[in-house]
């Protein structure tokens, strides 16, 4: 048992270093190509001329697509091995290391050039790769899946400052191949990864800063649960839109470089309307939570960002949809809150409350993981008093979503890739 805890600690440190490496690589690329040192792609887009804002995501997509296409052509005769941590957990716990690193580099290119895709996919993949590399050299084969799971949970904890949610991510989404008794090492890896991340960055323990002083009574809990119903319908619709968009890109029969370039070009076009479509949506989520905009502003940015996310994910841009889903959920919740604000007092507070609820419930509706989604929002914001209401709303959203559409976003992602 002590041996396992020691290995879990080592994997937590390795995962945090892998995530930190990806973050620093992003900052370097943003400085080299965008002259941006703020860490916000939205700020970078705002400071660019319109023509550069238009073509930068397309150039990044073209470069990433060429990298993936070239690697595929050079390795056509090699036997297939997993390049995704979910696939590795469902098989024999082994990765194609070269292909996985190329995929991560391609993700770095599209993310740093402004595509509306999450960087967490590559971060978690690199964390799982680091864990797998260590495990194959230092542990017996029958434990490899456990250590990959520890690496994935640690990567998520490091990326989102949410160790418990990272552990439950494994338990609720990926645990089909593991015993519940293995959750101990997973939690240790996640917590150690978060502590290492804090030591490396010295940043805020919370991912998002929220000022919410609204007292929770029957009315507020009713609004939270009703937001879960809204998200339970919107989640399957969002997944259907992603599938339909992806199939539309495939029907164009473009080579990967041009397919990803087209997705990036669409993001560039949308960024001419609002630079907020660039990136994974983190900075826009933070600004919305600090100062909720008017309903018309939220609606405009929401529509543009949704189209950008669909273009990026549909074109096959390597990355995650976790953070974009949080932004879309926030927007849905805030729109719902703003509409109720016409009749109820405390419009801004209600918008923030239902925005946070929208983040949790849309995540639950798309992942079918209500406990993970609830804990994630609480850990990212520190608003643990929302936990009871969020948990009920997330369960409602997850059950309704599963009734309308059996597949989660992760099963859908595995099937498409």
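Placement of Cβ uses the backbone N, Cα and C atoms for every residue, glycine included.
Distant neighbours of the transmembrane segment (5-25): 104, 108, 119, 122-123, 126-131, 134-135, 138-139, 147, 150-151, 154-155, 157-159, 184-186, 188-197, 200-201; these residues of the same chain sit at least 6 beyond its ends, with a Cβ under 8 Å from one of its Cβ atoms. Marked as transmembrane segment by Swiss-Prot on the basis of sequence analysis: 5-25 (among others).
According to Swiss-Prot, the feature transmembrane segment maps to 54-74 (among others), an assignment based on sequence analysis.
Annotation source Swiss-Prot lists transmembrane segment at 146-166 (among others).
Summarising the annotation, Swiss-Prot assigns transmembrane segment to 168-188 (among others).
Annotation comment: Swiss-Prot describes 190-210 (among others) as transmembrane segment.
Residues 306, 310, 313-314, 321, 325, 328-329, 332-333, 336-337, 340, 350, 353-354, 357-358, 361-362, 364-366, 386, 389-390, 392-401, 404-405, 407, 409, 412 of the same chain, all 6+ positions outside the transmembrane segment (222-242), place their C-beta atoms under 8 angstroms from a C-beta of that stretch. Annotation comment: Swiss-Prot describes 222-242 (among others) as transmembrane segment.
The transmembrane segment annotation in Swiss-Prot covers 258-278 (among others) and is backed by sequence analysis.
If you look up Swiss-Prot, you'll see 288-308 (among others) marked as transmembrane segment. Long-range contacts of the transmembrane segment (288-308) within the same chain, counting only residues at least 6 positions beyond its ends with a Cβ under 8 Å from a Cβ of the stretch, are 116, 208-211, 241, 266-267, 270-271, 273-274, 276-277, 281, 324, 327-328, 330-332, 334-335, 337-339, 348, 351-352, 355-356, 381.
If you look up Swiss-Prot, you'll see 316-336 (among others) marked as transmembrane segment. Tertiary neighbourhood of the transmembrane segment (316-336): same-chain residues 61, 64-65, 68, 103-104, 106-107, 110-111, 115-122, 124, 160, 227, 230-231, 234, 238, 242, 246, 249, 256, 259-260, 263-264, 280-282, 284-285, 288-289, 292, 295, 298-299, 301-302, 305-306, 309, 351-352, 354-363, 366, 409, 413, 417, selected by CB-CB distance under 8 Å and a gap of 6+ residues from either end.
What Swiss-Prot lists as transmembrane segment is 339-359 (among others).
What Swiss-Prot lists as transmembrane segment is 380-400 (among others). Remote same-chain partners of the transmembrane segment (380-400), defined as residues 6 or more beyond its termini with a Cβ less than 8 Å from a stretch Cβ, comprise 160-162, 206-210, 212, 216, 220-221, 224-225, 227-229, 231-233, 235, 289, 353, 356-357, 360-365, 368-371, 373-374.
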**Message:** Would you say the transmembrane segment (258-278) and the transmembrane segment (54-74) are touching, if the rule is that at least three C-beta pairs must lie under 8 angstroms and be 6 or more residues apart?
**Reply:** yes
**Message:** Below 8 angstroms Cβ to Cβ, which residues of this chain, lying six or more residues outside the transmembrane segment (339-359), approach it?
**Reply:** 210-214, 219-220, 223-224, 227-228, 230-231, 285, 288-289, 292, 295, 326, 329-333, 377, 381, 383, 386, 389-390, 393
